[in-house]
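Student: Mind having a look at this structure? Questions to follow.
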Amino acid sequence: MSRIEKMSTLGVRSFGIEDKDKQIISFFSPLTILVGPNGAGKTTIIECLKYICTGDFPPGTKGNTFVHDPKVAQETDVRAQIRLQFRDVNGEMVLVQRSMLCSQKSKKTEFKTLEGVITRIKHGEKVSLSSKCAEIDREMISCLGVSKSVLNNVIFCHQEDSNWPLSEGKALKQKFDEIFSATRYIKALDTLRQVRQTQGQKVKECQTELKYLRQNKEKACEIRDQITSKEAQLASSREIVKAYENELEPLKNRLKEIEHNLSKIMRLDNEIKALDSRKKQMEKDNSELEQKMEKVFQGTDEQLNDLYHNHQRTVREKERRLVDCQRELEKLSKEARLLNQERAELLVEQGRLQLQADRHQEHIRARDSLIQSLAAHLELDGFERGPFSERQIKNFHELVRERQEREAKTASQLLSDLTDKEALKQRQMDEMRDKKSGLGRMIELKTEILTKKQTELRNVRNELQQLEGSSDRILELDQELTKAERELSKAEKNSSIETLKAEILNLQSEKADLDRNLRKLDQEMEQLNHHTTTRTQMEMLTKDKTDKDEQIRKIKSRHSDELTSLLGYFPNKKQLEDWLHSKSKEINQTRDRLAKLNKELASAEQNKNHINNELKKKEEQLSSYEDKLFDVCGSQDFESDLDRLKEDIEKSSKQRAMLAGATAVYSQFITQLTDENQSCCPGCQRVFQTEAELQEVISDLQSKLRLAPDKLKSTESELKKKERRRDEMLGLVPMRQSIIDLKEKEIPELRNRLQSVNRDIQRLKNDIEEQETLLGTVMPEEESAKVCLTDVTIMERFQMELKDVERKIAQQAAKLQGVDLDRTVQQVNQEKQEKQHKLDTVSSKIELNRKLIQDQQEQIQHLKSKTNELKSEKLQIATNLQRRQQMEEQTVELSTEVQSLNREIKDAKEQINPLEIALEKLQQEKEELIHRKNTSNKMAQDKINDIKEKVKNIHGYMKDIENYIQDGKDDYKKQKETELNEVVIQLNECDKHKEKINKEMGTMRQDIDTKKIQERWLQDNLTLRKRREELKEVEEERKQHLKEMGQMQVLQMKNEHQKLEENIDTIKRNHSLALGRQKGYEEEILHFKKELREPQFRDAEEKYREMMIVMRTTELVNKDLDIYYKTLDHAIMKFHSMKMEEINKIIRDLWRSTYRGQDIEYIEIRSDADENVSASDKRRNYNYRVVMLKGDTALDMRGRCSAGQKVLASLIIRLALAETFCLNCGILALDEPTTNLDRENIESLAHALVEIIKSRSQQRNFQLLVITHDEDFVELLGRSEYVEKFYRVKKNIDQCSEIVKSSINSLGSYVH
């Protein structure tokens, strides 16, 4: 049997659309309860179960209001999803999912059902199937094991449809027919009856058909006899035709032979003519070729061929030599390219090596300068002048390393001393902090205890204060209790319940008499209606005619002016529809134009935005480029600045070269003047007169030599800056070009495009405004006409109905002629109204007495409750007075503890203040130590780092110098210069060789051209001799053909050919006559066979036999159908009566155990046979109604019961139907079952439901789902052993529904 286990809901009604809003509910067995206030979303759960099981939406919605509103969610699209996990009738797990989509359009919401998914779990694996809605509906009905009507009307009945058992007759009949599946069985009986009638008709048709089949069978036998006779005549005719054919065959062969010889003669004659024509053409061609040649070769053919072949061989050898020269020339060109490439690479390498040599000298000078600077800074002796040797440099590094170690050691010692002092201060601070923290924790603990004790003390004092007035309250309670008991006794004594009950019995008897009188009047009214129906119909038709005339007049007066202004006249429906169609077409065309213009405007706006963005980018790019250019140049005159900078670099380069050369010259001059004892100036050869003059020159040269390196360094530094600036400016050349392009081309073009687009946009806006104005004029006219169309359609319908009414009035008037009745329907109806008024009065008195009984019972119950409450309060006060002394002692004890705690907290706070002052002082001393440590450490580190940086720079220069020497760059430079000279020599030799080959190739091309002319003359001679040979062959072939024709006897062949044709014609005529007779026989035979193949004669005997079998078989089948129809009809009646008896028994038991009123003993469903069914119609229909019984009286419950009785009756009928029809599905959902029920009936309903659960608790798949807002009703159900948990349905802060599982014990403590 099937049962539901779990369901998740997302995006349905008030359930949220986010994943976090998804609500999952697990269904308990046997009872699941959902509690919540109105609007929380309880009924939505029933709607979800119904939708996922049947695919039907709740009443009054087609789906769009079933999904969470997109406007509320502030979303365009809202997806809803419901998933259900359940067990099918076989106990297998099934998961089903249905999804929906609701989209918010401009004026309405659009709903769409998405594809559903059914998933089964077989052998631990999921098997999913995507299905359409109809397929899922069928699958769900199959899985749950109940019909769709039972699911909709019994198991998951919606709250709005819950009272359907008391609906009007037609709707009630339809519901019960669907539940009983009566329609299907009635259709089955109809089908059986129709089949039986069809089979009977078929028997008659078979008998008629057999008559004609017997005639066809006899006719077929006659045709077969005629075919046998004609086939014998045909055989004789065929032998005659064959004799003629044998005689004709040798004549045809001889004729064929003669025709072959004649065709051969014709062919030879044609060939001779063709050879004559070919001979003339060949002679003409030879003559033309001889005229074209200057002279004809006179030697033999062998001499001509040898001369031609030798000539060709000479030409081929020269061409091969020409190709070889061409290859050699290409090879030399390739070799020259490689040599040029190698020369370029060597030139680049030579320049690079020269630059490295210059840089090497610069590194040596920079190293010596740094050593002198650092030695002076560290006060090291022996390093005042350079250059320095390797030993001096090594000694310098050793001295610097020792100095670094001394500085590092001193700094480390100072840092260590300051760190020790800092750690000492930190330890002192930690000790004080620990002491302070301990006091703080103690204060917190004592304060917390103090707060608790103070709260406890206040509570005890409040209770004592309340108890002070308890003595007086006991006296008041005694007085109130005495008064309440007196009132209770008085109320019980004055109660008239028994009298009222007796009066109710009398009134019920009177009511029964009035009911009988009313039924008699109904019978009389029915008899009168036989004659008065016509009169009533006449009156109704006359009134209907007046009403329709008035309606037509109103419609015309309401729309006459408006339609006349639109069309110029008052139209009929067809004219107005045509006008609307043309107007709608005009509106659609206008809308299309407007949409197209809007699309063009959007495109233009987008283009404008794109152009604006592009213009803004270009302007920003121009500004950025100009700023960069100004930052580098200092002005906007880029070209002039660049030219001036190049001139400055050239000047600085010359100055650097001069300073570099001056250093070498000054050194050489000083050496010459000192080492060689030269007495004259090395530059001007002037002789020095004295030693002092010589020393003065040397001193001057040394001074210039000392200043030269600094000047050289300064010049090089300035040159590098200028070169860097030049490189930066050269790098900005493309940017300068971009600035020019932006200013002169790109930005002006964009501005022009922007102006053009703005003009287009303005034009489009004007067009759109014009179309919108037109649309605003036409659309109100169309809307106005549409409103009028509805009324015009109604008016035309009224006019047609008016004609029909007038015709019916005439018919009824003819029927009323001569009719005269004494007692009218109005008189009977008036008497019936009087009786009905009395009946209503009696019913009102019964209800009034019942209300009085209920009011008196409620008053007595209220007084009893009040008495019990006063007794309970008095007992509680007496108990509290006994605890008074204990609370006073507790007050004294608590006051003492509070005072003690206050003292302890005060002492602790006084100890904390001195600790905070000392701690602050230590913190200040510690920060001073840290500052001293950081300052001294920074100074020492800066000094050490400065030395390290300078040593690092010296090492860098030394490494570059060593690398240059170790790499052998000087030798490598000389080697590359030698290689360059060799490449230049090879390149010159290659050019000379190429020139020589070019001359040789020119000579050979001239020789080849001369040889080609001679070759053409030899070739023409060969062609001429070949054609002369072919001409001789043609003449020989012509002579041979003439000789062959002369040997044939042409005249004799033609005479014989003519005689043979005459003989053959005679035989053919005789043959044709014989063949004609043969074809006549064949056609007759074919005609008979064709006639025999016609439908009525083909297989006539077999058809006759088969039809006989069909007729006998159909007769037997018809008898069986008659038996089966009667059996099924009897079974349907039996099933219906058994089910109705079973349902009514359950309804009686449930009503008696639930309903606490005395006016209705029980209720039941009556199924009466349809009295309107004619005797000829064998279909049996049932009309259903719910009746209430008191004694022997049964009344229709519809229209007579109260709202509470209606709810209870509908609920009990659904319970009975579920008990009867849900054998495979033990699920039942009750939505607000306590609606309109009083407290007594609510309690009895709860007791009845518990009994139902108890009786079906052994059925493991029984599931009752109860939805209610009445927590008292839930508490009554919770007193049973079947409820431990229930669900609360509520709205969260986002006003989305939430489902929360709660314990049944939490009912009393829950606050809405």
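Positions of Cβ are set from backbone N, Cα and C atoms, glycine also.
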Student: Name the residue, out of Arg13, Arg83, Arg87, Arg138, that Swiss-Prot lists for the same ATP site as Asn38, Gly39, Gly41, Lys42, Thr43, Thr44, Val67, Asp69, Gln159, please.
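Tutor: Of Arg13, Arg83, Arg87, Arg138, Arg13 joins Asn38, Gly39, Gly41, Lys42, Thr43, Thr44, Val67, Asp69, Gln159 in the ATP site that Swiss-Prot records.
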Student: Match it up for me: which of 561-589, 706-734, 1257-1285 does Swiss-Prot list as coiled coil?
Tutor: 706-734
Student: Choose the correct range: of 635-673, 1103-1141, 1181-1219, which one does Swiss-Prot annotate as coiled coil? Give that range.
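Tutor: It is 635-673 that Swiss-Prot annotates as coiled coil.
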Student: Any idea what the Cα distance is from Lys42 (ATP binding site) over to Gln159 (Mg(2+) binding site), rounded to a whole Å?
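Tutor: So the Cα of Gln159 (Mg(2+) binding site) lies 11 Å away from that of Lys42 (ATP binding site).
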Student: Using C-alpha atoms only, work out the spacing between Thr44 (ATP binding site) and Gln159 (Mg(2+) binding site) and round it to an integer in Å.
Tutor: 10
Student: What whole-number Å value do you get for the CA-CA distance of Asp69 (ATP binding site) and Cys681 (Zn(2+) binding site)?
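Tutor: On Cα coordinates alone, these residues lie 112 Å apart.
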Student: Spatially, and counting Cα to Cα, which of the recorded positions is closest to Gln159 (Mg(2+) binding site)? Options: Arg13, Gly39, Cys681, Lys959.
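Tutor: Of the recorded positions Arg13, Gly39, Cys681, Lys959, Gly39 has its Cα closest to that of Gln159 (Mg(2+) binding site).
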Student: Taking the Cβ of Cys681 (Zn(2+) binding site) as the centre, how many other Cβ atoms fall within a 10 Å radius?
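Tutor: I count 15 other Cβ atoms within 10 Å of it.
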Student: 10 Å Cβ neighbour count around Lys959 (N6-acetyllysine)?
Tutor: 11
Student: Write down the Cα-Cα distance for Thr43 (Mg(2+) binding site) and Arg13 (ATP binding site), rounded and given in Å.
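Tutor: Per the Cα atoms, Arg13 (ATP binding site) and Thr43 (Mg(2+) binding site) stand 10 Å apart.
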Student: Counting only residues 6+ away in sequence within the same chain, which have a CB under 8 Å from the CB of Thr43 (Mg(2+) binding site)?
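Tutor: Set apart from Thr43 (Mg(2+) binding site) by at least 6 residues yet with Cβ under 8 Å, we have His158, Gln159, Asp1231, Glu1232, Ile1267.
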Student: I'd like to know the mean pLDDT over the coiled coil (1019-1075).
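Tutor: That stretch averages a pLDDT of 77.
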Student: Between Gly39 (ATP binding site) and Cys681 (Zn(2+) binding site), how many Å separate their Cα atoms?
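Tutor: Rounded to a whole number, the Cα-Cα distance is 122 Å.
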Student: Taking Arg13, Asn38, Gly39, Gly41, Lys42, Thr43, Thr44, Val67, Asp69, Gln159 as the record's ATP-binding set, what's the max Cα pairwise distance in Å, rounded to a whole number?
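Tutor: With Arg13, Asn38, Gly39, Gly41, Lys42, Thr43, Thr44, Val67, Asp69, Gln159 as the binding residues for ATP, the largest Cα distance is 22 Å.
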Student: Fewest other Cβ atoms within 10 Å: which of the binding-site residues Thr44, Gln159 wins that one? Let me know.
Tutor: Gln159
Student: Just name the winner among Arg13, Lys42 (the binding-site residues) by count of other CB atoms within 10 A of its CB.
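Tutor: When each Cβ's neighbours within 10 Å are tallied, Lys42 tops the list.
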